[in-house]
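Per TrEMBL, the features are:
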{"type": "COMPBIAS", "residues": "116-128", "note": "compositional bias 'Polar residues'"}
{"type": "REGION", "residues": "116-165", "note": "region 'Disordered'"}
{"type": "TRANSMEM", "residues": "7-26", "note": "transmembrane segment"}
{"type": "TRANSMEM", "residues": "32-50", "note": "transmembrane segment"}
{"type": "TRANSMEM", "residues": "62-82", "note": "transmembrane segment"}
{"type": "TRANSMEM", "residues": "180-200", "note": "transmembrane segment"}
{"type": "TRANSMEM", "residues": "234-253", "note": "transmembrane segment"}
{"type": "TRANSMEM", "residues": "265-292", "note": "transmembrane segment"}
{"type": "TRANSMEM", "residues": "299-318", "note": "transmembrane segment"}
{"type": "TRANSMEM", "residues": "333-360", "note": "transmembrane segment"}
Amino acid sequence: MKDKLKRFLLILFLVIGTFYLFFHGLALAKGVLAPLFLAVILAMMLAPVSNWLEGKGVKRGWAALLSDLVFFLFVVGVFWAVGMEVQKLTSQWPSIQDRLSDKFGQVESFVEENSGFSLDNPFSQGSPQGEGEQASRGGENRGSSQQTSGDGKAQQASDSGGGSSGISVKSILTTVASRLFGSLSAILLITVYIFFMLLYRRRFYQAVLKFVPGDKQEEGKQVLSEIVKDARQYLVGNLILVAALSVIYAIGFSVSGMGSPFTTAFLVGVLSLVPYVGNIVGGAIALAIAFATTGDLNAVWIVLGTIAVAQFVESYLIEPYLVGNRIKVNPLFTIIAVVVGSAVWGIIGMIVFLPLFSFIKAVADHVPMLKPLGYTIGSEGAKE
């Protein structure tokens, strides 16, 4: 009995240790593997474009280059537009800060009148007079020169503290902008990967089939075809989803009068790519920007109503009729894929790991030993 227990504990330890080392290794290799895996999925989506160009008589190298160039210009354009809007929001921050300070002051007065508690206004410009009086009371028995010095220090502290909120937020926005442009190097690397994957895609296809036994060649081709189809359907479906939601958000956000409505609409639409979590985060960002740029609760209600309409359209129109079942992974493993992907590769992992789980399912469905795993991950008969 003790030997069986020891053996069980040893196997359990080895399994846990193997999983830990595997995912820890993936996290350490994020800079190499994350762009590579993302490039593989994007190359699958761009392959039909390259095939179409080749069918029109364009040589394979030029077809791959043109397909890749379209993707690169699209991404650069998106980054440029977002960067300009972030810069615009940064320049408008002082007026936004004043507006938020007034609104928070009203909330502060209401809380003090009804509960007796005092709140600190994070957007306040400070109160030099009050701090000067406090410094004066603390040093009333000292010399006038010491009092003046104390008042000067209080004034300096007030100015420093009053501007800390604005400086902090402006620095955050500036950092976001710099990171957006800094990410272009990673985009360039992904673009290079995509070009060579499109150029040598038939070689890679044949190389994978060489691992399949001769009597299983047809089944191997079927698995590869299914993987490519799932990846392509996933990406194209998501593009349709982002485009449709961005249009709905842009209309509603423009009506609300919030700042940067089109960029915010696109950002919230892109965040919808992240299952379950993305819509919550995107909605929170939109509400925060609406309140910060307008200071009007009516604008917040309009944005909230727009989000509700968009979610209704996504759930009952876009998903069932336009996008369909984009990926055959049940909700439990969808959440697991998002959580694990986020822990290992961040935002890229949250997007990439879901089609990776679909690839695993496609392979498992055609390997007798792994069929239970494919059935567990899949969504077929999930309600049974």
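Glycine is no exception: its Cβ is also placed from the backbone N, Cα and C atoms.
Automatic prediction, not curation, is the source of TrEMBL annotations.
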Best-contacting stretch, by C-beta pairs under 8 Å, relative to the transmembrane segment (234-253) and drawn from 7-26, 62-82, 180-200, 299-318, 333-360: 299-318
Proximity verdict for the transmembrane segment (7-26) and the transmembrane segment (180-200), three or more C-beta pairs under 8 Å: no
Same-chain residues near the transmembrane segment (265-292), Cβ under 8 Å, at least 6 residues beyond its ends: 78, 81-82, 89, 96, 99-100, 103, 238, 241-243, 245-250, 253, 256, 258-259, 299-300, 302-304, 307, 311, 314, 334-335, 338, 347, 350-351, 354
Cβ pairs under 8 Å between the transmembrane segment (180-200) and the transmembrane segment (299-318), at least three: no
Ranked first among 32-50, 62-82, 299-318 for CB pairs under 8 angstroms with the transmembrane segment (333-360): 32-50
